[in-house]
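Asker: One structure follows; several queries about it will come next.
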Amino acid sequence: MNYLSNITTSQRPWLLLALAALGLELSALYFQYVLGLAPCIMCVYQRLAILAIFSAGAIGAIGHQNIVARILAYVLWGVGAIWGLIIALEHVEMQKNSGSLFFSCEFIPNFPTWAPLHEWIPFLFEATGDCGEISWRFFNYSMPQWMVVVYALFSIVFSIVLINRLVCAKKP
């Protein structure tokens, strides 16, 4: 119990989080530029969520001794993991209902006007694919289904670490 509570005050777990997210970002770029799979708008949003998790890991690794840095890292990790899970679940639902008349997939990301990431970093955030298209499977799971697993794991680990940290911090 105490180990989990103190895990975020050391650098290694934060580096592991950053490396896991970096691996996922690099995998996304591999799928896009080597295998030729065009990312859809939901893929772009999921990339942004992974980028938030990567940022959490990097900030936590650099500032693991600083409470403000750790709080910022927790916030980015939680937001990235939970928002990513929600987006991935929506993406799976879109793929399930892609033949429906009510199915719609935007082509321009809904980023704030002050941060048009798809214009600033198009190689990473430009959506050129169709959300309903399933062009890749692994063990009969589509990419969004695998991302549900990934984000669920990130969310579960986040919840366990955060709850443990809060419970142990309250003990005298």
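Positions of Cβ are set from backbone N, Cα and C atoms, glycine also.
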Asker: R165, N66 - same side of the membrane according to Swiss-Prot, yes or no?
Answerer: yes
Asker: For the disulfide involving C105, grab the partner from C43, C131 as Swiss-Prot records it.
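Answerer: Disulfide pairing in Swiss-Prot: C105 with C131.
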Asker: Tell me which of C40, C168 Swiss-Prot records as disulfide-bonded to C43.
Answerer: C40
Asker: By DSSP, what is the split of the topological domain 'Periplasmic' (31-48) into helix, strand and coil residues?
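Answerer: In the topological domain 'Periplasmic' (31-48), the DSSP-based counts are 11 helix, 0 strand, 7 coil.
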Asker: Counting Cβ atoms within 10 Å of each candidate's own Cβ, which of the disulfide-bonded residues C105, C131 comes out highest?
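Answerer: The residue with the densest Cβ neighbourhood is C131.
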Asker: Using DSSP reduced to three states, classify C131 (disulfide bond) as helix, strand or coil.
Answerer: coil
Asker: Sequence-remote contacts (6 or more beyond its ends) of the topological domain 'Periplasmic' (31-48), Cβ cut-off under 8 Å?
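Answerer: Distant Cβ neighbours of the topological domain 'Periplasmic' (31-48) are 25, 84, 87-88, 90-91, 94, 105-109, 117-118, 124-131, 133, 135-136, 143-144, 147, 151.
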